[in-house]
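Student: A single structure is presented below for examination.
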Amino acid sequence: MEKLCNFNQGFIIVHLLLFSSLLSFTNPTPSPTQDEQSQIISRFQEYLRINTSQPSPDYKKSTQFILSLAESLSLETQVIEFVQGKPLVILKWPGSDLSLPSILLNSHTDVVPSESSKWDYHPFGAHIDENGNIFARGSQDMKCVGMQYMEAVRRLKASGFQPKRSLYLSFVPDEEIGGHDGLEKLAQSDVFKNMNVDIILDEGTGLASPNENYRLFYGERTPWWLVIKATGAPGHGAKLYDNSAMENLFKSIESIRRFRASQFDLVKAGLKGEGEVISVNMAFLKAGTPSPT
């Protein structure tokens, strides 16, 4: 179950601090009033309630929501579909010096599927419990970050701040299934080249903090997806067969398990940090030919 602990001005302050260093921002912004905080949370809940889970995300509704927020902030907007049905939204806050390289704040709109029966609250209900925790798919990965960007921009604009560098916000599709039709195609396009991006801030909240400490990540992992297929002698379940497909697969799994354990040992011994080792996770297993039961 996905839970975001106390979505309050703390998250927004983190991004304001980042903006202050990246955009040469020095003037303090006033803390939001109680009414403004309620509006911030309501907007976040509205975003969470849009079902953008794979494999059939409601991109149309999420795009309309993002564009409505952009309009309220007087941001320039652009919607691109490198692949039909997968809109990518780019927002721009022009800087005072257009010759300077820009900053890109990226987030994705899609989320992974959910099993409602295993949730205490509906995964797209954005329920707030008595402790202020919000339960929803996307509350950690990563609609929270997209909204933090927007709310930080809202506060900066309200303070009268004008950035020297242009600031872009991108809301991309299909990240949860590889990002090939969204961010990858954007990075390869003339659109991205013309944005003249100098630095990109991206996801970092998929690893939830169990407390009120906010972790900042300055590295990026490179994924390597492996599909291992094993074959073997088929036969009747009443007999023992040597060299079965499952037996052959176990050999590979055991090899991977030993390597995974070696990475854990390095972290537990304090020899390497979590970001210095290779994470290995087996995500899906399929065997046999399904038949009606």
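Heads up, the Cβ atoms here are built off N, Cα and C, so glycines get one too.
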Student: May I ask you to find which of Asp141, Asp181, Asp242 TrEMBL records for the Zn(2+) 1 site already listed with His108, Glu203?
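Tutor: Site partner of His108, Glu203 for Zn(2+) 1, according to TrEMBL: Asp141.
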Student: Of the binding-site residues His108, Asp141, Glu203, which sits closest to Glu175 (active site, proton acceptor) by Cα distance?
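Tutor: In terms of Cα distance, Glu175 (active site, proton acceptor) lies closest to His108.
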Student: Note down the number of other Cβ atoms within 10 Å of the Cβ of Glu203 (Zn(2+) 1 binding site), including every protein chain shown.
Tutor: 15
Student: Between Glu203 (Zn(2+) 1 binding site) and Asp110 (active site), find the distance joining the two CA atoms and give it rounded to the nearest Å.
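Tutor: For Glu203 (Zn(2+) 1 binding site) versus Asp110 (active site), the Cα atoms are 13 Å apart.
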